[in-house]
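Peer 1: First the structure, then my questions, so here it is.
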Amino acid sequence: MKILIINTGSSSLKFAIYQYENSKKIISGIVEKIKSQKSIIKIVNTDGSTTERFEKGIENHQKAIEKMFKILTNSDLKILKTLSEIKIIGHRVVHGGSSLKNSVILNNSILNKLKQISELAPLHNPNAITAIEAVLKILPHAKQVLCFDTSWHQTIKEHAFLYAIPYSWYKNHNIRKYGFHGLSYSYITKRSSEILNKKIDSLNLIILHLGNGASINAVKNGKSYDTSMGITPLEGLAMGTRSGDIDPSIINLMSTILNKTTKQIEEILNKESGILGISEKSNDMRDIWNKIEEGEYQSKLAVEIMTYRIKKYIGSYIAALDFNVDAIVFTGGIGVTDYGIRALALKGFEKIGIELDLEKNEMAQSKYLESEISTINSKLKILAIPTNEESTILEDIYNLIPKNL
């Protein structure tokens, strides 16, 4: 009996198969560049070996699900004999809104609620819904568990999650900060507790999940206390293609100047801003660093804007946690591999005793290895820990569907 875990991105679909009885991972993979002319499918075996193939453009996430199931039952790969071996599917869903606060087993009512809030995470939730419905068609009798990134942040207090807008907007329309990357933050908090040998309920952290989407989380006594993303994943840090914090008046101003609808401006803020918007080159940090080496000004400026924003948030969260912080933890694809971003984000903090070991930092470039990158004399630990959202999803699945099923 198998568990399939699906993580639906804006243009990707990650998947993994686990043995139900012992939580052992059997295989994982990713379909990349969905909606592009040429898509890529990668399979990662348990021994670390990979196979990669190019496919004629996979046009949407439904087709990606169908392709994934064909791969999983491919007789040459010997992953599954039949799809009926899969009894449970766990989905990462970015936004649960105000009505879906905890992980749930899918039913028609839950699916309808999810559709009603899809506009709150326009890059992710609609694709997750497509994937869920595609699985329903192919495996109608399997249980599907939805795990929300917003669930982790339910412990944030009103003074931190409310915007200074008419209170009726919150009471009548649930306009508030929700926060994201919660599955990642939940895992990192537990793992940091183990590494630091400190009980979770007394653990204070500042966690930075830095990838194409990026956010920061203040953790107080092992629970989410504040976070940079808002009602949607657009707020906060400058990201790969998202603007992060801006003056909201810009939306109407540019709508008038460019003769575009506010919806079109919002689309630009989500898909054409951030690192891509400033550099006008790429949202891939590898490309950006190459351009910086070539002396390209806008790419350098994009990194300066990104790391300055990170530095401001770290400083504000140190204050929000009453200057009682056990560790600063970097995670996400950029967070664990990009030593340059970490160094720039923490530059100057040595003046208050938060010391990055530059040599250790430069050595920490692996997607898979945990690293302590602070100096011996640093007042708090600085860690780089690869995230494991699948671990959080598995834990939630077993809480909802016991192993003696």
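Keep in mind that glycine also has a Cβ here, set from the backbone N, Cα and C atoms.
What Swiss-Prot records for ASN7, GLU389 is Mg(2+) binding site. Here Swiss-Prot flags LYS14, HIS209, LEU210, GLY211, ASN212, GLY213, ASP284, MET285, ARG286 as ATP binding site. For ARG92, the entry in Swiss-Prot reads substrate binding site, with the evidence type sequence analysis. Taken from Swiss-Prot, the feature active site, proton donor/acceptor applies to ASP149, supported by sequence analysis. What Swiss-Prot records for HIS181, ARG242 is site 'Transition state stabilizer'.
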Peer 1: Compared by Cα position, which of the recorded positions ASP149, HIS181, ARG242, GLU389 is the closest one to LYS14 (ATP binding site)?
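Peer 2: Going through ASP149, HIS181, ARG242, GLU389 one by one, the closest to LYS14 (ATP binding site) is GLU389.
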Peer 1: For LEU210 (ATP binding site), list the number of other Cβ atoms lying within 10 Å of its Cβ atom.
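Peer 2: LEU210 (ATP binding site): 27 neighbouring Cβ atoms within 10 Å.
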Peer 1: For the ATP site made of LYS14, HIS209, LEU210, GLY211, ASN212, GLY213, ASP284, MET285, ARG286, how many Å separate the two farthest Cα atoms?
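Peer 2: The widest Cα-Cα gap among those binding residues is 21 Å.
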Peer 1: Spatially speaking, which of the recorded positions ASN7, ASP149, ASN212, ARG286 is closest to HIS181 (site 'Transition state stabilizer')? Use C-alpha to C-alpha, please.
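Peer 2: Minimum Cα distance from HIS181 (site 'Transition state stabilizer') across ASN7, ASP149, ASN212, ARG286 lands on ASP149.
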Peer 1: If you run the three-state DSSP split on LYS14 (ATP binding site), which class comes out?
Peer 2: strand
Peer 1: In whole Å, how far does the CA atom of ASN212 (ATP binding site) lie from that of ASP149 (active site, proton donor/acceptor)?
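Peer 2: A Cα-Cα distance of 16 Å.
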Peer 1: Just to verify a number: CA distance, ARG286 (ATP binding site) to ARG242 (site 'Transition state stabilizer'), in angstrom, no decimals.
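Peer 2: Between the alpha carbons of ARG286 (ATP binding site) and ARG242 (site 'Transition state stabilizer') there are 18 Å.
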Peer 1: Just to be sure I understand the packing, how many Cβ atoms besides its own are within 10 Å of the Cβ of ASN212 (ATP binding site)?
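Peer 2: Counting Cβ neighbours of ASN212 (ATP binding site) within 10 Å gives 21.
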Peer 1: So how many other Cβ atoms are close to ARG286 (ATP binding site), meaning within 10 Å of its Cβ?
Peer 2: 10
